[in-house]
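Per TrEMBL, the features are as follows:
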{"type": "TRANSMEM", "residues": "6-27", "note": "transmembrane segment"}
{"type": "DOMAIN", "residues": "11-93", "note": "domain 'Prepilin peptidase A24 N-terminal'"}
{"type": "TRANSMEM", "residues": "74-93", "note": "transmembrane segment"}
{"type": "TRANSMEM", "residues": "99-116", "note": "transmembrane segment"}
{"type": "DOMAIN", "residues": "104-208", "note": "domain 'Prepilin type IV endopeptidase peptidase'"}
{"type": "TRANSMEM", "residues": "123-141", "note": "transmembrane segment"}
{"type": "TRANSMEM", "residues": "147-167", "note": "transmembrane segment"}
{"type": "TRANSMEM", "residues": "179-212", "note": "transmembrane segment"}
{"type": "TRANSMEM", "residues": "224-247", "note": "transmembrane segment"}
Amino acid sequence: MEIIILTYIFLIGLIMGSFYNVVGLRLPKKISFTSSRSQCPNCSTPLNARDLIPLFSYLLSKGKCRHCQTTISISYPLVELLTGGLFLFSYWMYGWTPAFLGACLLSSLAVMVTVSDLNYMLIPNKLLIFFAIIFIIYRSITPLDPWYASVIGALAAYALVACIIIVSKGGMGAGDMKLLAVLGILLGTKHIFLTFFFATLLGTVISLLLIMLKVIGRKDPFPFGPSIMIAALLVYFFGEEIIRYYLQSFY
Ligand SMILES: [Zn+2]
């Protein structure tokens, strides 16, 4: 039975992932993601049902448009696989519990923020407002201990990044500030600070690597959203273990 549940969760992840791809790519450009149909970016042939099966369409067509043979970006199946993988991992961690739902919501936000930030260097406000509401509802049903950790977490994250933006004159963006505030609702005070710590660490390491590999220039803007989301997932899944390990090692 377990294998059926796991397959089902993975398939749901693939389908949601292909939807998150569309949201991440269209929301910043203000294109509706429900009315207009997807089309090949090169020959504009509308995609039919056969082209829209997550992952499998890509594998069947060997990554090429069926009409003009243009190579389709590997990012589409990768984003679908990533979502499926994150949903599976969430289930493996928590089983059928409210924490599983929270992990899937956080994974969903992570995928959309990453697609949008890597493609356009921005995190859409509509996405953040939507997830702020979702997280408030989620934390009303399964509150943190104490419940107001959600409120303080959101406000503290917002204030902290606001100070950094003023001091560093643009080291982080307004989108990053709003994203961390939204994550503070879900993660609470202690875990949002841990997220911030890992995000800056990760962002610094990745940007230095990209500069060394000459992918980006020293002065180029760097999308910070994916680092924040990786840190948030890490803290959601392992925050308590990390804090316990830290306290044991240093005190
Ligand atoms: Zn085409």
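Each residue, glycine too, has its Cβ placed from N, Cα and C.
The model shown is predicted, which means the values in this text are computed figures rather than measured ones.
Residues 16-17, 20-21, 23-25, 27-28, 75, 79, 82-83, 86-87, 89-91, 93, 122-124, 127, 131, 134-135, 138, 142, 179, 182-183, 186, 225-226, 228-230, 232-233, 236-237 of the same chain lie 6 or more positions beyond the ends of the transmembrane segment (99-116) yet place their CB under 8 Å from a CB of it. Across the domain 'Prepilin type IV endopeptidase peptidase' (104-208), DSSP helix (H, G, I), strand (E, B) and coil residues number 89 helix, 0 strand, 16 coil. A Cβ distance under 8 Å defines the sequence-distant neighbours of the transmembrane segment (74-93), meaning residues of its chain 6+ beyond its ends; these are 5-6, 9-14, 16-18, 20-21, 24, 54-55, 58-59, 63, 99-100, 103-104, 107-108, 110-111, 114-115, 233, 237. Residues 23, 27-28, 98, 101-102, 105, 109, 112-113, 116-117, 147, 150, 175-176, 178-179, 181-182, 185-186, 225 of the same chain lie 6+ residues outside the transmembrane segment (123-141) yet bring a C-beta within less than 8 angstroms of a C-beta in it. Look at the domain 'Prepilin peptidase A24 N-terminal' (11-93): DSSP puts its residues at 46 helix, 4 strand, 33 coil. Summarised as a single figure, the pLDDT of the domain 'Prepilin type IV endopeptidase peptidase' (104-208) averages 94.
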